[in-house]
């Protein structure tokens, strides 16, 4: 959708989003204003602590007036992202992502490692940005590495980052710093393709294409989709450094079909569903009721550090003597393992059914399973994501949001299931005149 927008304009958009993110981070250190909206005297405000009487592990949780930074980020900003991805697609996200800009800053200001190559014909020395070897361990295991980082981040959210403003600020600045360092060490979109935990979410919700994704194998534009580019006086020119094979920024469908059979991709898709179930399910297992999550009190809970060694489960009316610091990762690990087993089991059943009734195309079998897994993860996420704020809206607004989410995801699923490698190959063939 944004593939034809000039790079200079998109650079402004990415810069604006990065500045907005940094502003939010600064508010986590100092925000003397927004807490006034949550004080008990503001009884007309839906966010007032006067409206909250939340029972956690059988005891009423004391809630103090709080600054809104963490609540805005976790219950508004983050829940918007999956819907944006599934509607506008890979190319739109890659062209607006503020973390992508952070990783490109070293190259933009000339602080990047280069390798020198001698041109055989002319003898001239050409400088090119360093790229990660495609045969390196990291390149070969990028799915698991990024999922592992995402898993660690989700556990950290439950334990500390959800509620501790300074911890969230430090974590955010650390991620931005990691993107900057990666951009210094390697060129292109190495950060996006090999390190960024959000890349897992992006790939699951956009491949083989978002609802409004462009199709470069149809149009064959000079600069397809979100291909690396730079602005010049004569317009945009390509700036690809070959940081990854079968780049999704150049042709998302080609990249998808080229490694749809990768076991890492399949396993991560299935585990991601469990990660969502485990993450939201843990709020219930910890507090003993759903009110803890849907009230949003977890975004500003007091004494979060002291609770790390206190009971992490509250089931059947009593606390279980496992510290929260162990209970949270254990819950997520069990959920991921269970969903992996469930996904593989259902995949085998579907493969057996297809072999008897339709065809034995392994790529198509896996593709259908991945698409359904992505659709299931998306809708499961929105049973909870953003709900602490959505439930404060009028009923009509809540219905419109819920319907929009289900309709969008179902449109995406129907379009995804219609795709197949044979159709892609046929559409990619050069068209002949007459």
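Placed from the backbone N, Cα and C atoms, the Cβ positions cover glycine too.
Looking at 322-343, 388-409, 410-431, the range tied to transmembrane segment in TrEMBL is 322-343. TrEMBL lists transmembrane segment at one of the ranges 143-161, 200-218, 219-237, namely 143-161. Sequence-distant contacts of the transmembrane segment (268-286), counting only residues of its own chain at least 6 positions beyond either end whose CB sits under 8 Å from a CB of the stretch, comprise 56-57, 143-144, 147, 150-151, 154, 157-158, 200-201, 204, 292-293, 298, 312-315, 324, 327-328, 331-340, 342-344, 369-370, 373-374, 376-377, 380-381, 383-384. Mapped onto DSSP helix, strand and coil, the domain '4Fe-4S ferredoxin-type' (169-205) counts 31 helix, 0 strand, 6 coil. Note on the domain '4Fe-4S ferredoxin-type' (169-205): mean pLDDT across this stretch is 95.
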